[in-house]
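Participant: According to TrEMBL, the protein has these features:
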ACT_SITE  Ser234  active site, nucleophile
ACT_SITE  His299  active site
DOMAIN    166-315  domain 'Peptidase S54 rhomboid'
TRANSMEM  120-139  transmembrane segment
TRANSMEM  203-223  transmembrane segment
TRANSMEM  235-254  transmembrane segment
TRANSMEM  261-283  transmembrane segment
TRANSMEM  295-314  transmembrane segment
TRANSMEM  326-347  transmembrane segment
Amino acid sequence: QLDPENTGFIGVETFASLVHSHELPLDPAKLDMLVALAQGNDEGQVCYQELVDLISSKRSSSFKRAIANGQRALPRDVLLDETGLGFYKRFVRYVAYEILPCEMDRRWYFYQHRMCPPPIFMAAVTLTQIIVFLCYGARLNKWVLQTYHPEYMKSPLVYHPGHRARAWRFLTYMFMHVGLEQLGFNALLQLMIGVPLEMVHGILRISFLYLAGVLAGSLTVSITDMRAPLVGGSGGVYALCSAHLANVVMNWAGMRCPYKLLRMVLALVCMSSEVGRAVWLRFSPPLPASGPQPSFMAHLAGAIVGISMGLTILRSYEESLQDQCGWWVLLLSYGTFLLFAVFWNIFAYDLLGAQI
């Protein structure tokens, strides 16, 4: 009745009077977003499809474009001013300000976030790593520099160039660690950075980014350090960390996480010291060993994956990756690297006569 010409639009004043007269039970936060979106178009009208998408917690393409163009302002105060929140909602708000640079994105995430599904990927990976470490530690009675124990390096989970035909090792090495300090560092970063990223961007994107870093790490080692084994989840951890840090730098003005400069410096110092420790263990081991110690190249490969592919994945909240040209370029580049690495592992070791 209010749209006799069936245009799909009505005036924002008409819509407001409709809501008031019929006392429609609409979420006030979503209503604010709809009015703000209407204020962003030229006619100041409410779109029926945008109303449907908003009520069903789906983003229309026009809603994404309005967010990208920044053509409207929120009629309410910023999310940080919300009071009377429970512990979990305060944590969700903290995650929103930690990960997202745009206030509209933060509000959208805050009000449409649901506890199901929980961020189970990073928690499951971390728990599995701890269980595997405890099992080998109790079995070998060794909790530091476990790679010096010959039985530890015989594990079917460790990547070793001599067993590169067992393809699962290119991924399962992430469950093995040099010692308690490496496990603690990786587990802490996975929970502090990985879990919030998974809460915002979802299990598919974050698991893909983490596993892409892990796989790139082992394949890079097989190319650049052909005699060295590999343990630890540093490839995936550095992919997550470098992607998050790069996202913070690219959106520095919009980020509202507290002490962001200090935290950035501390993260870079910790990551650099971890790489330095890995280099030291590789070339100047403190104890005599029967063979080369694990390589450090997985750290660098994970960081490259995070800065390139990860920055594209985390750039826009809920934006479809298949609509981004840069995503297909990066995916093609990563696929080309994988193909090259596979052929390298099949032919190069024999052609170069690498002594393993």
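Each residue, glycine too, has its Cβ placed from N, Cα and C.
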Participant: In Å, rounded, how far does the Cα of His299 (active site) sit from the Cα of Ser234 (active site, nucleophile)?
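Facilitator: Between the Cα atoms of His299 (active site) and Ser234 (active site, nucleophile), the distance comes to 6 Å.
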Participant: Given a Cβ distance threshold of under 8 angstroms, which distant residues of the chain, six or more beyond its ends, lie next to the transmembrane segment (120-139)?
Facilitator: 146, 152, 155, 157, 174-177, 180, 183, 186-187, 190-191, 194-195, 198, 203, 206-207, 210, 233, 236
Participant: Which one, 261-283, 295-314, 326-347, has the most C-beta pairs under 8 Å toward the transmembrane segment (203-223)?
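Facilitator: Per the Cβ count, the answer is 295-314.
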Participant: Counting only residues 6 or more past its boundaries, what in the same chain has a CB within less than 8 Å of a CB in the transmembrane segment (261-283)?
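Facilitator: Cβ under 8 Å, 6 or more out: 145, 178, 181-182, 185, 225, 228, 234, 238, 241, 245, 248-249, 292-296, 299-300, 303.
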Participant: Since the record lists Ser234, His299 as active-site residues, which of them has the fewest other Cβ atoms within 10 Å of its Cβ?
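Facilitator: Comparing Cβ neighbours within 10 Å for the active-site residues Ser234, His299, His299 has the fewest.
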Participant: For the domain 'Peptidase S54 rhomboid' (166-315), what does DSSP give as the number of helix, strand and coil residues?
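Facilitator: With helix first, then strand, then coil, the domain 'Peptidase S54 rhomboid' (166-315) has 111 helix, 1 strand, 38 coil.
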Participant: Compute the average pLDDT of the predicted model within the domain 'Peptidase S54 rhomboid' (166-315).
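Facilitator: A mean pLDDT of 91 is what the model gives the domain 'Peptidase S54 rhomboid' (166-315).
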